[in-house]
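The structure appears right after this line, and notes come after that.
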Amino acid sequence: MGEIIDGKKLAKEIQEKVTREVAELVKEGKKPGLAVVLVGDNQASRTYVRNKQKRTEEAGMKSVLIELPENVTEEKLLSVVEELNEDKTIHGILVQLPLPEHISEEKVIDTISYDKDVDGFHPVNVGNLFIGKDSFVPCTPAGIIELIKSTGTQIEGKRAVVIGRSNIVGKPVAQLLLNENATVTIAHSRTKDLPQVAKEADILVVATGLAKFVKKDYIKPGAIVIDVGMDRDENNKLCGDVDFDDVVEEAGFITPVPGGVGPMTITMLLANTLKAAKRIWKMN
């Protein structure tokens, strides 16, 4: 029976560490600030942004929310981002995705100052990640690495398989595992004999967006299984990309959905914001 990796507990521990560090900085008259830009009225985005704000404030940081209508022009949005780039009280900028179709996500991400790009999506940060330089790492992949390390497992020398090749999770998590000296395979929908490939993994990260996609026959006995999915099953119940009940017997460690990867994402955003603030103050 696999041991459950408790993402809520780990996220709380990391958040407490960030909060303590922020409190020390506030004593010196320094307060990290995070600005979130929300375009339109997507309910899921709104809920997620509210969560980010609440957690930012709990950590003792300045939290700014800028709301823009669905029909805002690209030009207007870019000028808002440029103003935040110049704002000395803001150290992290996040534009909540997805954006309306008439706005280029690429342009918006490129406009965010890479020193304040706490989502880790700016090409400079992506490039730094790939050459192994210190950079802002996308929050979900950063959280995944912390979850794996929390099991006490040495990543170095392990076989890791990542199912999914998105720019937000799959590719960066594969690169992070490589930077930790794992031997990494990226698999995807076109991979032949996928269960066979997955079964070689000591560490399996699943980010397919397909409910209960990974079954027991994908799992090497004792493997660490990280489920990035957030789906609904046939009964409309929240589930992951891994069929938890089927896989839990084979796995050594496994993240649940909910309560695994999800809680880590906002925590790593706070850690990135703190890092951004410290970097900016150091440069100045």
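Quick reminder: no glycine exception, Cβ is built from N, Cα and C everywhere.
NADP(+) is bound by Gly164, Arg165, Ser166 in Swiss-Prot, and the record lists one more residue there from Ser135, Ser189, which is Ser189. Counting only same-chain residues at least 6 apart in sequence, those with a Cβ under 8 Å from the Cβ of Ser166 (NADP(+) binding site) are Ala207.
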